[in-house]
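Features of the protein shown, as given by TrEMBL:
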BINDING   9-16, 22-23, Arg59, 109-112, Lys120, 136-137, 180-181  substrate binding site
ACT_SITE  His10  active site, tele-phosphohistidine intermediate
ACT_SITE  Glu109  active site, proton donor/acceptor
SITE      His179  site 'Transition state stabilizer'
Amino acid sequence: MQARLILIRHGKSVWNAQNRFTGWVDVPLAADGWEEAAQAGRLLADRAFDVAFTSHLQRAITTLQVVLRENRSGRTPIFLPAEGTLPRESYRPGANEFPVYLHVTALAERHYGDLQGLNKDEVLARHGEAQFKQWRRGYDTPPPNGESLKDTCERVRPYFEQHIRPELAAGKQVLISAHGNSLRALTKDLESISDADIMGLEIPTGVPIAYDLEVTPETIDIRSKSILA
C-alpha cells in the first residue's frame, strides 16, 4: 500500500533561540518559530491529511495548529486526546474531517535531565567536547538523570508500531509534529540508520520532511524522500 508520511519538528522555541537544553520543559515558540510554522503550513497547504499526531508539549502542538490553519484542502481537523485514551469507535470522522491526536507523550522530546535549562556553550566549556557530543547526540549515553536517544527510540517505536504504522498500512497521509530527538528516533528506524551514524543526523526546526512509502504488514520501504523548504 502506498502512503505518505510528513514529519515536522516544531518551530524554533524561546530556548532554542537562547541555545539552551529544553527537553521536557514546556517552553513556547519564539517569534521566528511562529513564522517557521506558518511557512511550513504554506508549503503543505494543499495536502489533504488523513490523521495527525503531536506530543504533549506546547511548541509541537502550536506548530501543528499553525500548519493546519494554513491548510486549504477543505478538511476539518478534529482535536482528540492521545490515541489509547479514547476508544477509536467513539469518534467516526465525517467525510471532510480527520483526527488530530494531541498529548502523545511517546513523541515528546528526549528528556535532558540535569542539562535542561542550561546553556549549551556553557555545558561544552565545563565538560569538554567529547562528553558534550555524547550527551547531546550520542545514541546510548544519557545525560545525568535524563534519557539517551536509545531510551527515546524505545518509547517512540512501540507507539509508532501500534498507532501510526496501521494508518500508513491503510494508505493514509499522516502528519507528525514532534521534536528533534523523537523525530531522530523515528527516522533512525525508518531509514535503518546505524547507532554511529545517527550522531550526525540533524532535524531542522519548522521544515517539513515528506516520505512516500510502500507499506506492507512486514516492511516499510521508502519510495522517495523530500525536504520541503
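Backbone N, Cα and C atoms are what each Cβ position is placed from, and that goes for glycine too.
Overlay of TrEMBL annotations on the structure.
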residue: Arg9; record: substrate binding site; DSSP (3 states): strand
residue: Trp15; record: substrate binding site; DSSP (3 states): helix
residue: Gly23; record: substrate binding site; DSSP (3 states): coil
residue: Glu109; record: active site, proton donor/acceptor; DSSP (3 states): coil
residue: Lys120; record: substrate binding site; DSSP (3 states): helix
residue: His179; record: site 'Transition state stabilizer'; DSSP (3 states): coil
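Here the Cα atom of Gly180 (substrate binding site) is found 7 Å from that of Glu109 (active site, proton donor/acceptor). Of the listed recorded positions Lys12, His179, the Cβ environment within 10 Å is emptiest of other Cβ atoms at Lys12.
Sequence-distant neighbours of Gly23 (substrate binding site): residues of the same chain at least 6 apart with a C-beta under 8 Å from its C-beta are Glu109, Arg110, His111, Tyr112, Gly113, Leu115, Gln116, Gly146.
In this structure the alpha carbons, written CA, of Lys12 (substrate binding site) and His179 (site 'Transition state stabilizer') are 10 Å apart. Here His179 (site 'Transition state stabilizer') is positioned 6 angstrom away from the residue listed as 'active site, tele-phosphohistidine intermediate', judged by their C-alpha atoms. Listed recorded positions: Arg9, His10, Arg110, Lys120; maximum Cβ neighbour count within 10 Å falls on His10. Considering only the binding-site residues Arg9, Trp15, Lys120, the residues lying within 10 A of His179 (site 'Transition state stabilizer') on a C-alpha to C-alpha basis are Arg9.
Every protein chain considered, the tally of other Cβ atoms within 10 Å of the Cβ of Glu109 (active site, proton donor/acceptor) stands at 26. Counting only residues at least six positions away in the same chain, the Cβ atoms of Phe21, Thr22, Val25, Val27, Gly117 sit under 8 Å from the Cβ of Trp15 (substrate binding site).
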